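> Structure provided below as structure tokens; questions to follow.
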Ligand code: SF4
Ligand code: SF4
Ligand code: SF4
């Protein structure tokens, strides 16, 4: 039996074909198909996360909800997992960065700089513009994807995701 057929049978048996790729996976986690193939949905990572940002998503698989808080990159979710679902934690946890939607208050000429204040990495800067309120912009080189700014935005205009996700919207 080919590896592909074995994997397909394994997925069928575990009923995990329909698990939709979440907007935000756990830090250091393997690509989604490999992750769902072996995640037992035990919930140990949920319990381990001191920030309580891990939730049970589609199919009961863990994913992150940055509206609950930020990732401190403590690695406790990785340590708590008894499966082989994560890359080494001395590598970068992900390529996620903050992305600001057009619904940002600055686009309605409302003064707000909450996201800048919440970002410890100083990745959000406001560009002064003649005749209008300053607009936020994310420095991809500085943003760690921690998600702190997500919950702090009063109108929910920020999401943290892979830059590739933005290109495919
Ligand atoms: S690294 Fe720490 S804060 Fe981030 S999701 Fe894992 S347990 Fe939670
Ligand atoms: S995700 Fe974290 S590092 Fe990136 S802009 Fe938001 S607060 Fe700053
Ligand atoms: S906190 Fe939200 S609304 Fe305020 S400037 Fe930042 S993205 Fe715009």
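Cβ atoms are placed via backbone N, Cα and C, with glycine included.
For reference, TrEMBL lists these features for the protein:
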| type | residues | note |
| --- | --- | --- |
| DOMAIN | 31-59 | domain '4Fe-4S ferredoxin-type' |
| BINDING | 39, 42, 45, 49 | [4Fe-4S] cluster 1 binding site |
| DOMAIN | 60-91 | domain '4Fe-4S ferredoxin-type' |
| BINDING | 71, 74, 77, 81 | [4Fe-4S] cluster 2 binding site |
| DOMAIN | 134-163 | domain '4Fe-4S ferredoxin-type' |
| BINDING | 143, 146, 149, 153 | [4Fe-4S] cluster 3 binding site |
> Which ones in the same chain are close to residue 74 ([4Fe-4S] cluster 2 binding site), with CB under 8 Å and 6+ residues apart in sequence?
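The list for residue 74 ([4Fe-4S] cluster 2 binding site) reads 50, given in order along the sequence.
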> Which whole-number value in Å describes the distance between the Cα atoms of residue 149 ([4Fe-4S] cluster 3 binding site) and residue 39 ([4Fe-4S] cluster 1 binding site)?
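With the alpha carbons as reference points, the distance is 29 Å.
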> Which residues does residue 49 ([4Fe-4S] cluster 1 binding site) neighbour through Cβ under 8 Å, counting only same-chain ones at least six apart?
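Spatial neighbours, sequence-distant, of residue 49 ([4Fe-4S] cluster 1 binding site): 76, 77.
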> If the criterion is a C-beta within less than 6 angstroms of any ligand 3 atom, which of the binding-site residues 42, 77, 81, 143 pass it? List them in sequence order.
none
> In Å, rounded, how far does the Cα of residue 81 ([4Fe-4S] cluster 2 binding site) sit from the Cα of residue 153 ([4Fe-4S] cluster 3 binding site)?
32
> Can you name the residues of this chain that are 6 or more positions from residue 39 ([4Fe-4S] cluster 1 binding site) yet have a C-beta less than 8 Å from its C-beta?
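Spatial neighbours, sequence-distant, of residue 39 ([4Fe-4S] cluster 1 binding site): 61, 62, 83, 85.
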> Which bits of the chain, at least 6 residues beyond where the domain '4Fe-4S ferredoxin-type' (60-91) starts or stops, bring a Cβ under 8 A of a Cβ in it?
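Those are 16, 19, 22-30, 34-36, 38-54, 144-148, 150-151, 156, 159-160, in sequence order.
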> Could you state the CA-to-CA distance between residue 146 ([4Fe-4S] cluster 3 binding site) and residue 71 ([4Fe-4S] cluster 2 binding site) to the nearest Å?
5
> Identify all same-chain residues not among 39, 42, 45, 49 whose C-beta atom falls within 8 angstroms of the centroid of the [4Fe-4S] cluster 1 site's C-beta atoms; report them in sequence order.
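Those within range, site residues removed, are 26, 41, 43, 44, 46, 47, 48, 54, 62, 77, 80, 81.
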